[in-house]
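The block underneath contains the structure these notes are about, expressed in structure tokens.
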């Protein structure tokens, strides 16, 4: 796998960042039961997969198989399972819900309007996520504050009122450079699309490569304004952390 090129910057902060992420996850595991990690197999999520498996943390890993993921992402799931000797659970949309969406909007109707795109995300992502989070105490994400304007005020730990559980963001204050320095240092597997100009990878028809100078999430739903570019998985409807109840428009992509 070709190494992704990164700026020549100091990595002095990386050990501190890594230790803080490990401590946060370890603390959450001491306090709560039934913790899950939602991975999209992006670079940040590969950092967390490495930490969770290396530290043997009791955190179950799952992904949302939307039915429209790039081939490279699907192949990476198998690579990760072999590399870490673990299983990534897959949650898929209900076929009837997909059929209803296609009947109303068309297979690629998400290009036509923000409501149509949000409806697709609800069917392919939000409903499967609800099933994955049911009965859990907390979920872990690879979100970083610098990724977009919708994530600028991201805390490391918060109460997810929409889903009724804690949400843990161990990489909230990490930079993109720190993420890639970690991947290089620990030889973590990652999606080859990152080497082709895709810093953020979602469903194949909704992701494009970015050009020099563009925001890291510019390739996600690129036909929309930045303020609407969230699928709803991480919408900002959060309350202060609650006390624990537990003890202790191009439609063709050449790369997909």
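Using N, Cα and C of the backbone, Cβ positions are placed for all residues, glycine too.
Annotated active site, nucleophile per Swiss-Prot: 231, in sequence order. What Swiss-Prot lists as [4Fe-4S] cluster binding site is 120, 121, 203, 206.
The Cβ neighbour count for residue 203 ([4Fe-4S] cluster binding site), using a 10 Å radius over every protein chain in view, is 22. For residue 120 ([4Fe-4S] cluster binding site), other Cβ atoms within 10 Å of its Cβ number 26.
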